[in-house]
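Per Swiss-Prot, these features apply:
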DOMAIN    12-47  domain 'EF-hand 1'
BINDING   THR25, THR27, GLU32  Ca(2+) 1 binding site
DOMAIN    49-84  domain 'EF-hand 2'
BINDING   ASP62, ASN64, ASP66, GLN68, GLU73  Ca(2+) 2 binding site
Amino acid sequence: MTELETAMGMIIDVFSRYSGSEGSTQTLTKGELKVLMEKELPGFLQSGKDKDAVDKLLKDLDANGDAQVDFSEFIVFVAAITSACHKYFEKAGLK
């Protein structure tokens, strides 16, 4: 597999690993999203002191209003974070 194919598979695996423990295997609940972020993106929540960060994130990601994050909504989040990191590293001259 190519590097990009491997990366895509890893994103799918991460979503699957955290979805389904509280509800459907096709979506992340608020609790599942929080655990995913704590384990996979610890710096994202750690830097903020806002206790409602996961609630706000869920509201922003939940395009269809079902109080859960499906894979399409999750991948938009991953793409946005990746884009922000890319811009940061370009500005820092680390690319």
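Including glycine, each Cβ sits where the backbone N, Cα and C put it.
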Residues from the same chain, set at least six apart from the ends of the domain 'EF-hand 2' (49-84), whose C-beta lies under 8 A from its own: 11-12, 15, 23-24, 26-30, 33-34, 37, 41
Cβ-centroid neighbours of Ca(2+) 2 site ASP62, ASN64, ASP66, GLN68, GLU73, 8 Å, sequence order: THR27, LEU61, ALA63, GLY65, ALA67, VAL69, ASP70
Contacting positions for the domain 'EF-hand 1' (12-47) when only residues 6+ beyond its ends and CB under 8 Å are counted: 53-55, 57-58, 61, 66-71, 74, 81
Candidate with sparsest Cβ neighbourhood (10 Å radius) among THR27, ASN64, GLN68, the listed binding-site residues: ASN64
Integer Cα-Cα distance in angstrom, GLU73 (Ca(2+) 2 binding site) to THR25 (Ca(2+) 1 binding site): 14
Alpha-carbon spacing, ASP66 (Ca(2+) 2 binding site) to THR25 (Ca(2+) 1 binding site), which is rounded to whole Å: 15
Least Cβ-crowded entry, counting other Cβ within 10 Å, from the binding-site residues listed as GLU32, ASP62, ASP66, GLU73: ASP66
Cβ neighbour count within 10 Å of THR25 (Ca(2+) 1 binding site): 10
Rounded inter-Cα distance in Å - GLN68 (Ca(2+) 2 binding site), THR27 (Ca(2+) 1 binding site): 6
Cα-nearest neighbour of ASP62 (Ca(2+) 2 binding site) within the listed binding-site residues, THR25, THR27, GLU32: THR27
Model confidence over the domain 'EF-hand 2' (49-84), averaged pLDDT: 85
Helix, strand and coil totals (DSSP H, G, I; E, B; other) for the domain 'EF-hand 2' (49-84): 23 helix, 2 strand, 11 coil
